[in-house]
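A.B. asks: Sharing a structure, written as structure tokens. Questions coming.
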Amino acid sequence: MSDKPNYLETLYPTWGQNFVMDEVLFEVNTGHQHLVIFNNAQWGTVMALDGVIQTTEKDEFVYHEMMTHVPMLAHGNAKKVLIIGGGDGGILREVLKHQNVESVTQVEIDQQVIDMCVQYLPNHSAGAYDNPKANIVIADGVDFVNECTEKFDVIISDSTDPMGPGEVLFTSRFYQGIKNCLNDDGVFVAQNGVSFMQTDEVTTTYKRLSPLFTQASFYSGAVPTYVGGIMTFAWATDNLQLKEVSLETLQQRFSQSGIKTRFYTPEVHKGAFALPQYVLDAIA
Ligand code: SAM
């Protein structure tokens, strides 16, 4: 083992992943959460919040492409998009690649996450925060969606896990707020944990979304540093056609978008909604 300090993820009390910190770039208690950014030989620059790995240079594309292009290409013509959380800027970057988008509102509780990610993880936002279509609001997402009078076509909750400031983003009050500000034919997606390790979160989210939306479901993706297998993304909409968009239509929309990806493909999109039995059992 190296003589350099280690970062031990504390998401799970009895096991976890370990990163050798070649260099600690920034560390602070922001008043909302503990933020640390460090370099690691395998993953590049890594950002963690409250002991949980949030994003790394090496594998961020998996998560940001699946969180963004699945709802955006299923919808096909999203003009107004809302992001909750997403302080590293990866979702904002990917949303702005869709030419139909007229405005993106991002509601992030912690300005320091934005500032430090722009400085130490510049390729995540890649200038997106300076895009005139981007409207950045520093607030608690649960308050914003419950007070908001605007309506959005796609809403993406790119939050931390249900702990600390992120806990409220997994509550019925938050989902009711989402319902209030989602257009009738719109879709809401949210990061919903690693399903093998956080199966109860799948069940809880399903129970809280189902009374509010015609369709509550999940799709999956495999993010290497979200350890424990596939992660699930919550999916909620009143528009039953969105999940059934054909492969041919997705291929056409993806091709017309001109977006270059490293993980997302229309085939992966369709396949992501095929859930393993233990996840189906968790939402039975
Ligand atoms: N990709 C990461 C994951 O899946 O765990 C999440 C990325 S992003 C860093 C998570 C963001 O959610 C952070 O910037 C954090 O400050 C923000 N956040 C947490 N609670 C929030 C809240 N109640 N309202 C708005 N933003 C919040």
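Backbone N, Cα and C atoms are what each Cβ position is placed from, and that goes for glycine too.
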A.B. asks: Looking at TrEMBL, Glu108, Asp140, Gly141, Pro165 are annotated for S-methyl-5'-thioadenosine. Which of Gln33, Gln42, Gln241, Gln251 sits in that same site?
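C.D. replies: Of the residues offered, the record points to Gln33.
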A.B. asks: Looking at TrEMBL, His64, Asp158, Ser159, Thr160, Asp161 are annotated for spermidine. Which of Asp88, Asp130, Asp185, Asp200 sits in that same site?
C.D. replies: Asp88
A.B. asks: What are the other residues, in sequence order, whose C-beta lies within 8 angstroms of the center of the C-beta atoms of Gln33, Glu108, Asp140, Gly141, Pro165 at the S-methyl-5'-thioadenosine site?
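C.D. replies: So the additional residues around the site are His32, Gly85, Ile109, Asp110, Ala139, Ser159, Thr160, Gly166, Leu169.
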A.B. asks: Measuring Cα to Cα, how many Å separate Asp158 (spermidine binding site) from Pro165 (S-methyl-5'-thioadenosine binding site)?
C.D. replies: 13
A.B. asks: If I take every residue in the domain 'PABS' (9-238) and average their pLDDT values, what number comes out?
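C.D. replies: PLDDT averaged over the stretch: 98.
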